[in-house]
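Here's what Swiss-Prot has on this protein:
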- Asp125: active site, proton acceptor (ACT_SITE)
- Asp9, Ile10, Gly11, Asn12, Thr13, Arg14, Leu15, Lys16, Thr149: ATP binding site (BINDING)
- Tyr116, Gly123, Val124, Asp125, Arg126, Thr211: substrate binding site (BINDING)
Amino acid sequence: MNAPRLLVDIGNTRLKWAWCEAGAPLPASTGTTVLPTPWQHAGAVAHAADGALRTLAAELRALRAGGPMPSVWISNVAGPVIAAAVDAALADAFGGCAPVQWVRSAAAHGDLVNGYREPTQLGVDRWVGAVGAHRWLPRDTLLVVTAGTATTLDIVTVAAEGGARFEGGLILPGLALMLGTLARNTAQLPALDVGEAGSVAGAQRRWADNTHDAIAAGCLAAQAGAIERTWRALGERGDAARPPRCLLSGGARGALAGALAVPFEMHDNLVLLGLHAMAMADA
């Protein structure tokens, strides 16, 4: 890699980014290791916050430090307005137009086939996250959970004869959205944030004895129940000696982690990992 790479995951609320230095060594792929973070710098901003993209541009400018123009790989689910704002921030950061790949969902990537009825209608973040997970865990059935504004559960299966398939999945309101909806649409229920809900999960009480904790426990149980039910269904149809691997990512992953009763592994951002895999395949 003769030039750095900038990976950008534009979600509904936050923009997450990672910077891969030119010439940085890649982690080895064993198919059994924990998922890597093959970048040297990373960060996140609330993209609608005043001045957030200007601050990001300044940080990226400092990382480039007059060196080669980076190639940029972007996954965007926030729509065209934020896309234009990010384009402007990149021009501000680099003093010109860096080569940008706006990733779209496709029928396949490598040996991973997109099993969606209309492959291009699959949310690009879900597709890219699955690509990233499968790139590093190519022999495993995967339940990819991304806990963001929405919580998505995506399934990747591996055929005995080779090849893999994105089977589809589930979408449910994210933890913050569940908590906020209760507060906004009821007269007397209090507002909770994700951190407060996570502390209730950590308390390990079976039943809540107050309204605050009952809301947190109920929303966490809904999220965890969907994950656990899907994980068990995958296990029932697969190889008992090689259970599915549940991968937990997204901003609310820490809160959900305390509520789950199935084995899981956490990664900071599977979408960035997928963008990295796509960029390397294109090199």
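Backbone N, Cα and C define each Cβ position, glycine as well.
Cα separation, Gly11 (ATP binding site) to Asp125 (active site, proton acceptor), rounded: 8 Å. The DSSP secondary structure for Gly123 (substrate binding site) is coil. DSSP assigns Thr13 (ATP binding site) to coil in the three-state reduction, placing it in neither a helix nor a strand. Nearest by CA distance to the residue listed as 'active site, proton acceptor', out of the binding-site residues Asp9, Thr13, Tyr116, is Asp9. Annotation: Thr149 carries the greatest number of neighbouring Cβ atoms among the binding-site residues Thr13, Thr149 [cut-off 10 Å, Cβ to Cβ].
For Tyr116 (substrate binding site) paired with Asp9 (ATP binding site), the C-alpha to C-alpha distance reads 21 Å. Val124 (substrate binding site) is surrounded by 21 other CB atoms, counting those within 10 A of its CB over all protein chains shown. On a Cα basis, Gly123 (substrate binding site) lies 12 Å away from Asp9 (ATP binding site). Note: the Cα of Leu15 (ATP binding site) and the Cα of Arg126 (substrate binding site) are spaced 15 Å from each other.
Fewest Cβ neighbours within 10 Å among the binding-site residues Gly11, Gly123: that distinction goes to Gly123. Largest Cα to Cα distance within the recorded ATP binders Asp9, Ile10, Gly11, Asn12, Thr13, Arg14, Leu15, Lys16, Thr149: about 14 Å as a whole number.
The Cβ centroid of Asp9, Ile10, Gly11, Asn12, Thr13, Arg14, Leu15, Lys16, Thr149 marks the ATP site; residues of that chain outside this set whose Cβ lies within 8 Å of it are Ala44, His47, Val77, Ala78, Gly148, given in sequence order.
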